[in-house]
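Novice: Look at TrEMBL and you will find 9-279 tagged as domain 'Phosphofructokinase'. The feature ATP binding site is assigned by TrEMBL to Gly16, Arg77, Ser78, Gly107, Asp108, Gly109, Thr110. For Asp108, the entry in TrEMBL reads Mg(2+) binding site. The substrate binding site feature in TrEMBL is assigned to Thr131, Ile132, Asp133, Arg168, Met175, Gly176, Arg177, Glu226, Arg249, His255, Val256, Gln257, Arg258. Taken from TrEMBL, the feature active site, proton acceptor applies to Asp133. Taken from TrEMBL, the feature ADP binding site applies to Arg160, Gly191, Ala192, Asp193.
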Amino acid sequence: MSTNKIKHIGIFTSGGDSPGMNAALYSIAKSAKVKGIKISGFRKGYEGLIDGDFLTLKSHDLQKLVHLGGTILKTARSKRFMELEGRKKAFQTLKANKIDALIAIGGDGTFKGLLAFSEICDIPFIGIPGTIDNDLAGTDYTLGFDSAVNTAIENIDKIRDTAESHNRVFIVEVMGRDSGYIGIHSGLTVGADAILIPESGKDLIYLLEKIKNYESEDAFLVVVSEGDEIGAELVASKIKEMNPNVDLRITKLGHVQRGGNPSALDRMLGIRMGVAAVEEILKGNTNKMVGFLNNQLKLTPFNKVVKQHQIKDELNRLLELFSK
Ligand SMILES: Nc1ncnc2c1ncn2[C@@H]1O[C@H](COP(=O)(O)OP(=O)(O)O)[C@@H](O)[C@H]1O
Ligand SMILES: O=P(O)(O)OC[C@H]1O[C@](O)(COP(=O)(O)O)[C@@H](O)[C@@H]1O
């Protein structure tokens, strides 16, 4: 489609919500308005596309909501969109409402969905990386990661207060389905004694080495990523085997990490990514995710936005150093 024919863009949020999604919605609506483009927001991710459930978005309304966590469009994981039948229905919705392009805010699953959709629908698709896990290739930071880490450290700091008071071992589980980014960032910045993440093979060895000599003279904080193969309970039993006298508690931070007002960094990321998404559609790009690498805009084809199962070298070195 010729880009000067783009008059109406559809947007939706999909997969797990993340703080900063509303800032991105505002930014898309604002930059579209300046360019004279209409914006429709589909509710509940792909479900709204299938059911034709949408509303016209106005930047004036959205600017009051930038500070809110979650997503005002709601989000979902859609089984129906995994089937061709569902995607055909979504295509009918777009055709019937004369939507010329789509912007999706979500993770790699959402972008896989758009790739499948592009087989039957030839309008441009652009993605914005929205997940607290920060595990996507093509961007240094995904929307929501910074806020989630801030929430994690705020809570772990509180746990430290009680842990220090009782000289307890605390195992705190943080989110990250397959990724240790929240774990390593929060673990390092709270001064954890041990950090266990799926990307490291040596972390448990270091932990057991340390706990062997621990004499309950202080708190001992362990941060474990939910995606770590060993898991909080097994870590607890290994610690007990090594040092049976420790007084140990487990806290799982869970979904609290997904909520709350977005940090300044996530709001700014949402603003920058929203503008970039509209501009890249107008330049004729499709099936690509906008991201920032080394603070420079970077477009990554959806088929290259795979989950990252490695952490950066520098982080690895920090992990190694602080584990000893
Ligand atoms: N291969 C696929 N084909 C069609 N739709 C898909 C595909 N993979 C994912 N999706 C759609 O994308 C949605 C979001 O993906 P999910 O993996 O749950 O979250 P995220 O986008 O955060 O990775 C799924 O619920 C599904 O509707
Ligand atoms: O809300 P749900 O469906 O329980 O999903 C929990 C998962 O979603 C996340 O919070 C974010 O992952 P996605 O953004 O990929 O959905 C993970 O850290 C966590 O494992």
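Here the Cβ of each residue, glycine as well, is placed from N, Cα and C on the backbone.
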Novice: If you run the three-state DSSP split on Thr131 (substrate binding site), which class comes out?
Specialist: coil
Novice: Filter the candidate list Asp133, Asp193, Arg258 of binding-site residues, keeping only entries whose CB is under 6 Å from an atom of ligand 2.
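Specialist: Listed by sequence, the hits are Asp133, Arg258.
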Novice: From Arg160, Met175, Gly191, Arg249, Val256, Arg258, which binding-site residues have a C-beta atom under 6 Å away from some atom of ligand 1?
Specialist: none
Novice: Per the record, substrate is bound by Thr131, Ile132, Asp133, Arg168, Met175, Gly176, Arg177, Glu226, Arg249, His255, Val256, Gln257, Arg258: how many Å separate the farthest pair of Cα atoms?
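Specialist: Per the listed residues, the maximum Cα distance equals 33 Å.
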Novice: Determine, to the nearest whole angstrom, how far the Cα atom of Arg177 (substrate binding site) is from the Cα atom of Gly16 (ATP binding site).
Specialist: 11
Novice: Rounded to a whole angstrom, what is the C-alpha distance between Arg77 (ATP binding site) and Thr131 (substrate binding site)?
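Specialist: Per the Cα atoms, Arg77 (ATP binding site) and Thr131 (substrate binding site) stand 13 Å apart.
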Novice: Quick one: of Gly16, Gly107, Gly109, Gly191, which of the binding-site residues has the smallest count of other CB atoms within 10 A?
Specialist: Gly191
Novice: Please work out the number of neighbouring Cβ atoms within 10 Å of the Cβ of Arg249 (substrate binding site), leaving out its own Cβ.
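Specialist: So the Cβ neighbour count for Arg249 (substrate binding site) comes to 14.
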Novice: Taking 8 Å from the centroid of the Cβ atoms of Arg160, Gly191, Ala192, Asp193 as the cut-off, which other residues in that chain fall inside it around the ADP site?
Specialist: Ile156, Gly187, Val190, Ala219, Phe220, Leu221, Val223
Novice: Can you tell me the CA-to-CA distance separating Gly16 (ATP binding site) and Thr131 (substrate binding site), as a whole number of Å?
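Specialist: Between the alpha carbons of Gly16 (ATP binding site) and Thr131 (substrate binding site) there are 7 Å.
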Novice: Enter the number of other CB atoms within 10 angstroms of the CB of Val256 (substrate binding site).
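Specialist: The answer is 14.
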